[in-house]
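Trainee: Below is one structure. I have some questions about it.
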Amino acid sequence: MNRVLYPGTFDPITKGHGDLVERAARLFDHVIIAVAASPKKNPLFPLEQRVELAREVTKHLPNVEVVGFSSLLAHFVKEQGANVFLRGLRAVSDFEYEFQLANMNRQLAPDVESLFLTPSEKYSFISSTLVREIAALGGDISKFVHPAVADALNARFQKN
């Protein structure tokens with residue numbers, strides 16, 4: 001069974017992330033969305049909420065599982081029994097970092113391959129950072145995120 005692990009902070013999960021998950025779900029028997037705790041990134045949403053939002057966005061995909069983690073990714077991928085890391089590339093600017101990460105992961109988990117997918121053209125410009133900035137300034141984020149994510153962002157910024 002081919003199991004792919006798609007790690008990220010997903011703060012929040014966007015339509016670009018969802019697009020990659022949908023395509024991975026067609027390519028692999030089992031897709032694991034691994035939501036990283038990432039405390040050094042100071043995420044807007046707590047880990048549990050990011051996991052729940054990712055589950056909501058992907059609930060229509062029976063071969064997709066969402067889990068949170070706070071350990072070293074190379075250890076976590078082995079715990080999950082995955083044999084592939086999935087990473088998204090939006091632009092050439094993403095490549096250098098992702099290339100370094102893939103090579104580091106190869107050193108730490110040599111049996112796990114890195115696979116890069118590009119999002120559909122209509123999602124290639126979306127980033128979680130930009131979505132958070134737009135939401136914080138009261139902009140319409142409905143084109144960029146699932147309705148449940150938009151609701152969570154809007155609720156979060158109405159409190160501030």
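Cβ atoms here come from the backbone N, Cα and C positions, even for glycine.
Dumping what Swiss-Prot says about this protein:
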BINDING   THR9, PHE10, HIS17, GLY88, LEU89, ARG90, GLU98, TYR123, SER124, PHE125, ILE126, SER127, SER128, THR129  ATP binding site
BINDING   THR9, LYS41, LEU73, ARG87  substrate binding site
SITE      HIS17  site 'Transition state stabilizer'
Trainee: Between the binding-site residues LYS41, LEU73, ARG87, which lies closest to THR9 (ATP binding site), Cα to Cα?
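Mentor: With Cα distances computed to THR9 (ATP binding site), the winner among LYS41, LEU73, ARG87 is LYS41.
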Trainee: Looking only at THR9, PHE10, HIS17, GLY88, LEU89, ARG90, GLU98, TYR123, SER124, PHE125, ILE126, SER127, SER128, THR129, which the record lists for ATP, tell me the maximum pairwise CA distance in angstrom.
Mentor: 18
Trainee: In angstrom units, rounded to an integer, how far apart are the Cα atoms of HIS17 (ATP binding site) and ARG87 (substrate binding site)?
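Mentor: HIS17 (ATP binding site) and ARG87 (substrate binding site) have their Cα atoms 10 Å apart.
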Trainee: If you count the C-beta atoms lying within 10 Å of each candidate's C-beta, which of the binding-site residues THR9, SER124, SER128 ends up with the smallest number?
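Mentor: Candidates: the binding-site residues THR9, SER124, SER128. Fewest Cβ atoms within 10 Å: SER124.
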Trainee: Can you grab the distance from LEU89 (ATP binding site) over to LEU73 (substrate binding site)? Cα atoms, rounded to a whole Å.
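Mentor: Pair distance, Cα basis, whole Å: 19 Å.
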Trainee: What residues, ordered by sequence, lie under 8 A Cβ-to-Cβ from ILE126 (ATP binding site) and sit at least six positions away in the same chain?
Mentor: THR14, LYS15, GLY16, ARG90, PRO119, PHE144
Trainee: In this structure, which of the binding-site residues LYS41, ARG87 has the fewest other Cβ atoms within 10 Å of its Cβ?
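Mentor: Each of the binding-site residues LYS41, ARG87 was scored; lowest Cβ tally within 10 Å is LYS41.
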Trainee: Within the chain of LEU73 (substrate binding site), which residues six or more apart in sequence place their C-beta under 8 angstroms from its C-beta?
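Mentor: The list for LEU73 (substrate binding site) reads PRO7, ALA34, ALA36, PHE85, ASN105, LEU108, given in order along the sequence.
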Trainee: Spatially, and counting Cα to Cα, which of the binding-site residues is closest to ARG87 (substrate binding site)? Options: GLU98, SER124, SER128.
Mentor: GLU98
Trainee: Taking only the Cα atoms, work out how far SER128 (ATP binding site) lies from LYS41 (substrate binding site), in Å, as a whole number.
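Mentor: With the alpha carbons as reference points, the distance is 12 Å.
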Trainee: How big is the Cα-to-Cα gap, in Å, between LYS41 (substrate binding site) and SER124 (ATP binding site)?
Mentor: 22
Trainee: Using DSSP, would you call SER128 (ATP binding site) helix, strand or coil?
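Mentor: DSSP call for SER128 (ATP binding site): helix.
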